[in-house]
Amino acid sequence: MPFYHKLGKIPHKRHTVFRKPDGGLYYEQLFGTIGFDGMSSNLYHEHRPTQVKEIKGSYDVRPKLAVENNLKSYRFKGFQITPHPDYLESRKPVLTNSDCDIILASPQQSTEDYFYKNADSDELIFIHKGTGKLRTHLGNLDFKYGDYLLIPRGTIYKMDFDEEDNRLFIVESRRPIYTPKRYRNWFGQLLEHSPFCERDLRQPYELETNDERGDFLIKIKKQGKIFDMVYATHPFDVVGYDGYNYPYAFSIHDFEPITGRIHQPPPVHQTFETDAFVVCSFCPRKYDYHPDAIPAPYSHSNIDSDEVLYYVDGDFMSRNDIEAGHISLHPAGIPHGPHPGAVERSIGQVETEELAVMVDTFKPLMLTEDAMEIADESYHKSWLEEEDKE
Ligand SMILES: [Fe+2]
């Protein structure tokens, strides 16, 4: 997060004596990424955050690969992923490479008896269905339909859901996720031509401070395994912190689309960036206003990235037979574009209600066993004219 946040109580100077009411010390922790060069926050704990009591074991959660080398366009029916009561068990990676995992999840219950920490990856959770609260050791964030939750690696968290019917689209990124550099000035502030600004980014507002001792299970994801670590102190024991490294929320409904007289390319929809992929938000907007404009996109062959579109809501003008919760995968190496009739249909249209999240990865994606269970194996032929179909 490229701007400063302070929550709870902190001492006047960092790395100085900070006493509790009973005269004991609060314990400081620098919580950062990219060694000492990236974003960091200074946290003050009731207890030392290092008190591991027991390591109960570990289990493998690496995606099970079904297709490693792919050159076929796919459609996946995301809502066919089976719901599961447990948050972590519900997460099904469908597409993966060495930089990221793209995950669908339909958790039915809040995380009650453990805390979770991803030590490998930043997590970007898009809330397609459901409301609730993301609770973290750095404060809490309410979430609802349309929210992106950006959770930096190392954040200890729980998800509280209000109801059972939840649908999440999640990207785990081995590289830190930032707002696009071209929208930030030399000081890091979002510029006037950015489609969103700091006011749209919601910071943690509610710090839970718990000084209990006991047995506290944190499930820690590290190198594709979950380690069950038992700590002797409550993981939410921070009394205050300040800095730049903390989870935040951004609603896709607060993204202000950039439009033009003729078709604007996908980068105008960019919302987040990493070294390894970009995330774009396609939001309801006015179409191109040149009198002869074709609002539908032209076919394009982006040879350098696999394109994943997650369809959220509205009408998907360039596609036939696409519904909310579907994912399309258009791999690098072959062109893709509007379905038959979509270009003609788009001429004269003045606006769209489409809502979608796009992830373009620079390395090819592999397909998992979970993906193949919800895959449409005929999608790659969906661009054929009627007379060419068998
Ligand atoms: Fe595309």
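Heads up, the Cβ atoms here are built off N, Cα and C, so glycines get one too.
The active site, proton acceptor feature in TrEMBL is assigned to HIS263. According to TrEMBL, the Fe cation binding site annotation covers HIS300, ASP306, HIS336. According to TrEMBL, the homogentisate binding site annotation covers HIS336. What TrEMBL records for 63-251 is domain 'Homogentisate 1,2-dioxygenase N-terminal'.
This view paints the features noted in TrEMBL onto the structure.
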residue	record	CB count, 10 Å
HIS263	active site, proton acceptor	17
HIS300	Fe cation binding site	13
ASP306	Fe cation binding site	23
HIS336	Fe cation binding site	19
Averaged pLDDT score, the domain 'Homogentisate 1,2-dioxygenase N-terminal' (63-251): 97
Rounded Cα-Cα span from HIS263 (active site, proton acceptor) to HIS336 (Fe cation binding site), Å: 16
Residues flanking the Fe cation site, with Cβ no more than 8 Å from the Cβ centroid of HIS300, ASP306, HIS336 and excluding those residues themselves: SER301, ASN302, SER305, GLU307, HIS330, PRO331, ALA332, ILE334, PRO335
Separation of alpha carbons, HIS263 (active site, proton acceptor) and HIS300 (Fe cation binding site) (Å): 13
The residue listed as 'active site, proton acceptor' to ASP306 (Fe cation binding site) - Cα separation in whole Å: 21
